[in-house]
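Trainee: For Q87, G105, E106, G107, K108, T109, D524, the entry in Swiss-Prot reads ATP binding site, with the evidence type sequence analysis. Residues or ranges marked as Zn(2+) binding site in Swiss-Prot: C939, C941, C950, H951.
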Amino acid sequence: MLGAIAKKIFGSSNDRRVKGYRPRVAAINALEPEMEALSDEALRARTDALKAELANGKSLDDILVPAFATVREAAKRVLGQRHFDVQLIGGMVLHEGGIAEMKTGEGKTLVATLATYLNALAGNGVHVVTVNDYLARRDAEWMGRIYDFLGLTTGIIVHGLDDAERKAAYACDITYGTNNEYGFDYLRDNMKYELGQMVQRGHAFAIVDEVDSILIDEARTPLIISGPIDDRSDLYVAIDALMPRLAREDYDLDEKQRTVSLTESGNEHIEELLREAGVLKEGDLYDAHNITIVHHVNQALRAHTLFTRDKDYIVRNDEVVIIDEFTGRMMPGRRYSEGLHQALEAKERVTIQPENQTLASITFQNYFRLYKKLAGMTGTASTEADEFQEIYNLGVVEIPTNRPVERVDEDDEVYRTAEEKYAAIIAEIDKAHARHQPVLVGTGSIERSEHLAALLERHGYKPLDYSNASAMEEVYAAARDGRVTKKFAVLNARFHEQEAYIVAQAGVPGAITIATNMAGRGTDIKLGGNVEMRVTQELAGLPEGPEREARIVAIKQEIEENRAKVLTSGEPADPAAGRKTGLPGGLYIIGTERNESRRIDNQLRGRSGRQGDPGRSKFYLSLQDDLMRIFGSDRMDGMLQKLGLEQGEAIIHPWINKAIAKAQQKVEARNFDMRKNVLKYDNVMNDQRKVVFEQRREFMAQESVRETVDEMRHGVVDDVVAQHIPEDAYPEQWDIAGLRASIENQLNLDVPVEDWAKEEGIADEEIRERLRKAADEAYADRVTRNGPELMAYVEKQVLLQSLDHLWREHLVTLDHLRQVIGWRGIAQRDPLNEYKSEAFELFNGLIGSLREQVTGQLMRIEIMMQEPEAPSLPPMFAQHLDPVTGENEFFLPEGSGSFGAAGGAYGYAAQGLNTEGAVLERDPADASTWGRVGRNEPCPCGSGKKYKHCHGRYAAEA
């Protein structure tokens, strides 16, 4: 009560913050006459003048007013659009690293140009982030005209570009692209082997459009670059065939938490079925050697119980394609991890793609926190303000609309069954269509949008292709004549190619559009129709000239007439029905269910009432809807029955809206907690990721990594000595045999450690120093034989590829640890602290393994120098096999072996050892094929002796 009174007197904190921007808005407005007086050349020259001011010590804040005034004037000249005062405020919020909440149609795309231009003047690059390739291209081409006019360059990052094109786009002053492309480029950059191959040039400032969709809805979804592993398709198919044989009591399903697990009886039943099918051959299901089968069973169970076709995914062209639960868009190329996608493919009887191993991954939460400054725009952020502040340190500012919102948001109508609800929706669509009022019907899934489409067809409506010019002309003719067409369009993941047409024309008189969640659609619904879309569609083949201009004028005039019809298409007052006042015209939003998030509902509502237009929104619900069913519909159903609610009757009351809003708040709070928890765990990996990626970058930046290689070699010596000669131990307690074996295995050295150990008074420190010296001399000899320049290249490749190999294994290990760490809670131990502790130990192990792997490879590698001009030589390559596992550890790319030397060039083919001790590409019977052989390497003849004790001895004697 007191808070409400104080707010009336003093205004909200948001009002006060907005008021704080007004003086600078006035200053920008004061510069407008001066800017209008400048010629195009003089206005363009403002960019260089502002850059000079920055170079002379001024800050971006110091030049904000003239920079914004410059952009406003450029937009007027190039686009014919002038930034409103509230848009200037939005630009200031973005520049300060905040989130500007702006209603639909308030010009977010134009607002971004202000902060983008100002920050681009610093020369560090600005990334503008959109949710799909279409919007990235559209905004870059549209707003790029302003930047080009002012002398700045614009690049676009979309799917399908090669590295050279990406690098050029990132080198521009301003880069537009999708969140996925930015994230994947970052991961790919950190898998490159030369700095010059990296495409991104840093993370200075990013403006994220639809920021709530990217940083909230997709926060839990990691970006993953993966590689294929063994084919297990037979196992997926075999286990999938058993799922229909499970009874409902065999598993516990929690739709609220989206979890499923086998019951005790279910475990016994599935074990019996697995034995019958021959999948479980020995032991019990939960024996250690059967853990893979358990994993596949769990994923198959999830696929059958938690994932629904045409809601969570669709099947298209023999593929399972994920559907974004928040936007309804298809996400081709995205795959569920941990074998879940393969389980879905087995369920749907499509080709099972190989399972993948994670090579690199990052969440959007951690990627966007790389930026020194981050800002965002959306129409709906205030409901998630706490999360933006806590996780990203982003404050939300609600920007006032340029004109008051005239949309009427009605109370929900709640029916007992879905059948009654859909009957009411069809009746409401009929009434609106008869008045020529355009209707946008929002659904939660493809399945429901197609169900509603089928119901409309049963009631005499026909589907319409909005991208078909002749079909649309029929709609426009009906609008001119005042006829109803009884046509509708469906916008979901199946018809995403027509998205721009469908959304742009959804404001035509009498239009009926069924759409899955409207988050991130990015195209405004303009009452009467969209001029640009109609010109593109109808005049594509008409050249510039008087006829084209006349047609454009006619289209504009018709759209204005249609707009007038839509504005007057509201429902008149009906005193008999208890409605004393009429309901407005404009776009009518009908929601067929409430989403888990209030924000998604608000996004749907926000499609109507843009820029002061009238509009109307209403949600039709049933107790069978997901949200109502999961959150206590049984109690409400009993209450409605007691109230004597007849079939087809609805209950309408503000209390119902409040109860639903509370249920949504519960879900939002739960999802926030889940995202926070995910972030806590991911932060552990993120800290390690930053260390590894930074170390990689340092290695690539160095001309030589010899110093690092030497330190690693010394570290291996120290570890070996410490392992076999305990501190303060007596000589008779030393494990000299083990020490010798480790020296030969890890350092490829043959030294008389037994003799050293027998010397009077010798200490472990002396042995350590002798081993270091012997290892240094052996490596120096190898460098001399192979050539310092070439060895420097090989050292860097071995170091980078060994680090990558171990990092990939580390990611898998951390992932497995994360899956099981929750069980520590049963023992009253904090799983997060346990995870941090064990992840730290694993990371230390990675560092130790890197030392050993790099040292072991470099102490064995031999590089055969060959003349490059020899025509019979095969393509040059380098490879080295791990001396223990025989795995191929690194490859030098073809053609990368040219090194200037004495006016010529060298080719190389580095050869390593296989596990039997034979040198690859060498004929044991022909010594002329052996090339140079290291003294401590196995003799190529196959005797099993070291070269120095076999043919090397004969060569020395000779």
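From the backbone N, Cα and C atoms, a Cβ is placed for every residue, glycine too.
Give me the structural setting of these features: burial, nearby parts and distances.
Mentor: G107 (ATP binding site) falls within neither a helix nor a strand when secondary structure is assigned with DSSP, and so counts as coil. Sequence-distant contacts (6 or more apart, same chain, Cβ under 8 Å) of G107 (ATP binding site) comprise Q81, H83, F84, Q87.
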Trainee: C939 (Zn(2+) binding site) has how many other Cβ neighbours within 10 Å of its own Cβ?
Mentor: 22
Trainee: Whole-number answer please: how many Å between the C-alpha atoms of T109 (ATP binding site) and C939 (Zn(2+) binding site)?
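Mentor: Between the alpha carbons of T109 (ATP binding site) and C939 (Zn(2+) binding site) there are 70 Å.
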Trainee: Among the binding-site residues Q87, T109, which residue has the largest number of other Cβ atoms within 10 Å of its own Cβ?
Mentor: Q87
Trainee: Tell me the Cβ contacts of G105 (ATP binding site) under 8 Å, same chain only and six or more apart in sequence, or just say none.
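Mentor: For G105 (ATP binding site), the qualifying residues are D524, R610, Q611, D613.
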Trainee: Would you please pick out, from the binding-site residues E106, D524, the one with the fewest other Cβ atoms within 10 Å of its Cβ?
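Mentor: Among the binding-site residues E106, D524, the sparsest Cβ neighbourhood within 10 Å belongs to D524.
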Trainee: When you average the Cβ positions of Q87, G105, E106, G107, K108, T109, D524 for the ATP site, which other residues in that chain have a Cβ within 8 Å of that mean position?
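Mentor: Those within range, site residues removed, are M102, T104, L110, V111.
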Trainee: According to DSSP, does C939 (Zn(2+) binding site) fall in a helix, a strand, or coil?
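Mentor: The residue in question, C939 (Zn(2+) binding site), is coil (DSSP, three-state).
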Trainee: Could you give the Cα-Cα distance between C939 (Zn(2+) binding site) and K108 (ATP binding site), in whole Å?
Mentor: 72
Trainee: According to DSSP, does Q87 (ATP binding site) fall in a helix, a strand, or coil?
Mentor: helix
Trainee: Please work out the number of neighbouring Cβ atoms within 10 Å of the Cβ of K108 (ATP binding site), leaving out its own Cβ.
Mentor: 25
